[in-house]
Structure formats: structure tokens, C-alpha cells
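Features as listed in TrEMBL:
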ACT_SITE  68  active site, proton acceptor
BINDING   69, 72, 84, 86, 88, 100  Ca(2+) 1 binding site
BINDING   175  substrate binding site
BINDING   205  heme b binding site
BINDING   206  Ca(2+) 2 binding site
DISULFID  37-127  disulfide bond
DISULFID  70-85  disulfide bond
DOMAIN    27-277  domain 'Plant heme peroxidase family profile'
SIGNAL    1-25  signal peptide
SITE      64  site 'Transition state stabilizer'
């Protein structure tokens, strides 16, 4: 009798655990669209390839969009923050939104939005109301890197798109070309990234054409890696001597950045609902999830 009671308590406890815990089926997974949109990655890669063939610089632009999207921290409550990688960068101005495209790091700089629109249009034809814009940005960044001769990595998928944007967060969190070494490192640490991520991801500046901001033709944020800290200097030298090590660390840091506190599941406070219409940068109606 006692054993039966214990069994009932265990079953009840298990039920309560499953009923009130987060839905772990919504964790990021490289195979997230395997059933719902099996050709999603192929479609993204195809559109990115055409865009980069047309303009080589677009590879760097698409990679940068993902980085700037992931860099923004938004206040949910006074003590709770949500990270980026949620496609908030794609939102335009509206009655309730001040677009992140207007931030110091993005104004007259962030580009490639039309390529993201083209990818979404192709995905909508193949798999309506399925693939999120946040996942599109993550996949496009990986494919752009590969097309530019960089490393490959598996992209975990299943992000949802934000309903809100944070212009202040974009201004505050995205590293600026003239920031000091310590300022940039602090911004990375706030995101949950470290000095290896800082140096490795700074290597993305070797892709495409950066806007020259110094007489040397390099970002100040790149120069400080060699002049302001011994650890970063050692890493830069290691990467210069060992390209495979740089590729390995860059891929690991991209995965780490892309997986930090993503919007997932069906009950996120700021996620767009499936099939919600938004206006893209060209004034077209598109669907994000």
C-alpha cells in the first residue's frame, strides 16, 4: 500500500514537472525544419549565392546583419533582459517601434535587407508561414561566410521573431569602430561572450569592404587588438599563423553568439505570432514567425 502511494506521488510529481516546465521541444535544433520545410537551408543558400555573385561585398553585409541583430539587449522588465538574434533589426518605424536601423551602428551602413526579403519570399512559396526571419539571418550569415572562403558550421534553428525593437539597445550594445578595447570587451561580456569571441568575431572585418575610419585604413576596434591587450595580441598572432585555428574559433563563436537567449517556443512574451504580417523595408507585406 505504501509502495503504491509512493508511485502515485512520483507520477503526480512527474506530471506537474511536465505541465509547468518550459517546452523543451522548442530548443534550437539544426533539424528544426526537417519536416516542416526540408529545403529551407537549400533555398536560403541559393538566394545568398546569387546575391554574392552579383555583389561580392554582400557576403560581409549579410554577416554583419546577423551580428548587429544578435548584439542588442532589450529590457523586458527592470531586472530581466532578452538577447537579440530575433530579427528585431528588420523592423521598420511604426507607431510603437523606433527602428534599430536608425542606430549609430546601422544608419547608412547596415545593408542587405533586400536579400533577406528575397529569401523570405522564396521560403514563403515553398513553406508558407514556417521559417522565421531570425533563422534566415543566421543561415544567411553562415552561407555568406562560406561563400567568402570562411568556415562552415551547423546552424541551430527554431528562433522566433521579436515584435519589438530597441533603438537605445542598438546604440548601447553594438561595438562602435572608435570604441576602446575595454569598452568593446565589456559589451561582449554583457552578451555572455569572452575575449576569444571578441578577437575571433573581429576577424569578420576581413570579409568585404569596411568603411575606413582611420589613416591606416583599419577600424580602431581592430587596431586595439594588437596594441591594448596582451591576450588579444597573442590570439591575433596565433590566428595569423594558423588559419585553421582562426576558422575553428570563428565558427565556435558564431554558434555561441547565435544561441544566446533566443526567443523560442510558443509562449514567448515578445515573439511574433505565426503568420503575423509586417511591413518590410520596401513597403511590402511579409510574414514572420
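A Cβ is built for glycine as well, from the same backbone N, Cα and C atoms used for every other residue.
Unlike curated records, TrEMBL annotations are generated automatically.
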Please name which of the recorded positions listed here, 68, 84, 86, 88, 100, is nearest in space to residue 175 (substrate binding site), Cα against Cα. 68
In whole Å, note down how far the CA of residue 70 (disulfide bond) lies from the CA of residue 88 (Ca(2+) 1 binding site). 9
Over the domain 'Plant heme peroxidase family profile' (27-277), what is the model's mean pLDDT? 85
Around residue 72 (Ca(2+) 1 binding site), which of the listed recorded positions (37, 64, 85, 127) come within 10 Å, judging by Cα atoms? 85
For residue 37 (disulfide bond), the closest of the recorded positions by C-alpha position, picking from 68, 69, 86, 100, is 86
Let me spell it out: for each of the binding-site residues (84, 175), count the other Cβ atoms within 10 Å of that residue's Cβ, using every protein chain shown. Which one has the most? 84
